[in-house]
Amino acid sequence: MKISVLILAAGLGTRMKSQNPKVLQKICSKAMILHILKQAYKISDDVCVVLSHQKEKVEQVILEHFPNTRFLEQDLQNFPGTAGALRGYESKHEKVLILCGDMPLVKADDLEKIALNESDFNVAVFKAKDPKSYGRIVLKENKIQKIVETKDANKEELAINICNSGVYAIKAQILKEVLPLIKNDNKAKEYYLTDAVYLAKEKGYEIDAVFVNEQDFMGVNDKIELCLAQDLMQEAIKKEWMKQGVIFHMPATTFISDEVEFVGECEVYENVRIEGKSKIINSIIKSSSVIEDSIVENSDVGPLAHLRPKCQLKNTHIGNFVECKNALLNGVKAGHLSYLGDCEIDEGSNIGCGTITCNYDGVKKHKTKIGKNVFVGSDTQFIAPVNIEDEVIIAAGSCVNKDVKKGSLFINRAKEEIIKDYFYTKFKK
C-alpha cells in the first residue's frame, strides 16, 4: 500500500524563545524538520508540510533539500489546532500518515509499522514515564475508545500513563468523512485531530493502538528538549559507527553530523567536531580538531587543527594550529601554526611552521600550487597566484611573490642591518 505523509509544522513555537520558527531550530547542524523529512521520504513519494508562521522561510529551507515537497497553509486565526491544519488537504494515496514537525528522532521503520498496520485507523501510543501534558489514551481490549487532551481530562483520565504520540495513520476516505464533523467545543477552542478517534468509532471503524518507544517520538518544544534531542541523536550516531569499527575516545565530548561517513579503521579523540558531508577513511582525528565538509584519507589530523570546507587530504599529516580551506594535500606534512587556503600541495612536500598562503586580494581568491618534494622553511608567505614546481627549497622568512622553477632555492628577505649603540642613542643612556 502506498502512503501519503502529512507533517504538521504550523505552530508558533513560542517556548523556543527564538525569532526562527521552531521547525528550523537545528539539531546536529541541521534544521529539525529536515531530519523528519529524510525519514518520511524513505516510506513515501507524497509528502506535504502544513505551515503558517514564517511560511516562506520554512519553505525555502525545505525545498533546498527536498524539492518535491508539497505545502499547505493553515489558517490559525479561524481554524487553530491539529484538525484545523488538515483543512484543504488532498491525499494522493489511500492512506495518510500524520505526524508533527517537532519529532526529529522518529525513524522510517517505526513510521512504516504504524502506517502499514492493517487497521483503518492507527494511533501511535507509548507508556510514558511522566505523562505531563500528553493526551491520554482510553483503551478497551487494545482498541482505542477515545483520546483525551490534558486540559479536558478528569482525575481518572489523568492517572492513565498510556499517551498519544501525535502520530496517526488513517485511510484517506475516513479522514474526509470525519474532518468536517470536528468541532472546537473545548477549553482551548481548537479543532483537535484527536476528536477524529471517537467520530470514526461512532461510524463503526476500529482504532488500533500501535505501541512505540517514547524517546523516539519525543516532541521538541523548548531549548532544553532541543538539547536533549541532540544528545540522544549524537549518542545514536556514534553507537552506530562504533558498531562498524570506529574508535571514539570519550565519545560524549565529540560531535558527529549525521551526514558524516567513516570508512575502514578510524580513530576519533576527545573534543572533536566533524560536520557536513565529511568522509574519514582509515584516519586518526586527534583532540580538539574541527573538520567541515572535507575528505580525510590515510591521514592524521590534529590536535587542535581546523579543516574548513572542500579540503581533500590523502597520506597527509596536519599538526596543531594548522588551518586548511579548499586545500588539496597529497602526501604532505604541515606540522604546526600554518594557514593553507585555496592551495594544491603534492607528495613529499614539507610545510614549515608559520607558513601562510595569502589567497585573498580583497576582491578575489587566488590559488597557490606547490609541487612534489618541496621544502618550505618557517615563516614563509606565498602571495597567490603562485606556482612552485617540484624539488624547490624556500628559505625561511621568505615572501614568495613569483613562480619558482624546478630544483631552485628561493630566498627573499629584507637586507639585514646592525646599528651599533642604537639602544643608547634612542633612550639617551
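The backbone N, Cα and C atoms fix where each Cβ goes, and this holds for glycine too.
According to Swiss-Prot, the protein carries these features:
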REGION    1-223  region 'Pyrophosphorylase'
BINDING   8-11, Lys22, Gln74, 81-82, Gly135, Glu149, Asn164, Asn221, Arg308, Lys325, Tyr339, Asn350  UDP-N-acetyl-alpha-D-glucosamine binding site
REGION    245-429  region 'N-acetyltransferase'
ACT_SITE  His336  active site, proton acceptor
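Swiss-Prot feature annotations superimposed on the structure.
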residue	record	Cβ neighbours (10 Å)
Leu8	UDP-N-acetyl-alpha-D-glucosamine binding site	24
Ala10	UDP-N-acetyl-alpha-D-glucosamine binding site	26
Lys22	UDP-N-acetyl-alpha-D-glucosamine binding site	25
Gly81	UDP-N-acetyl-alpha-D-glucosamine binding site	23
Gly135	UDP-N-acetyl-alpha-D-glucosamine binding site	25
Asn164	UDP-N-acetyl-alpha-D-glucosamine binding site	24
Arg308	UDP-N-acetyl-alpha-D-glucosamine binding site	16
His336	active site, proton acceptor	17
Tyr339	UDP-N-acetyl-alpha-D-glucosamine binding site	20
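Here the C-alpha separation of Gly81 (UDP-N-acetyl-alpha-D-glucosamine binding site) and the residue listed as 'active site, proton acceptor' works out to 58 Å.
Note: the Cα of Leu8 (UDP-N-acetyl-alpha-D-glucosamine binding site) and the Cα of His336 (active site, proton acceptor) are spaced 50 Å from each other. The two recorded residues, Arg308 (UDP-N-acetyl-alpha-D-glucosamine binding site) and His336 (active site, proton acceptor), have Cα atoms 16 Å apart. Distance between Cα atoms for Ala10 (UDP-N-acetyl-alpha-D-glucosamine binding site) and the residue listed as 'active site, proton acceptor': 50 Å, as a whole number.
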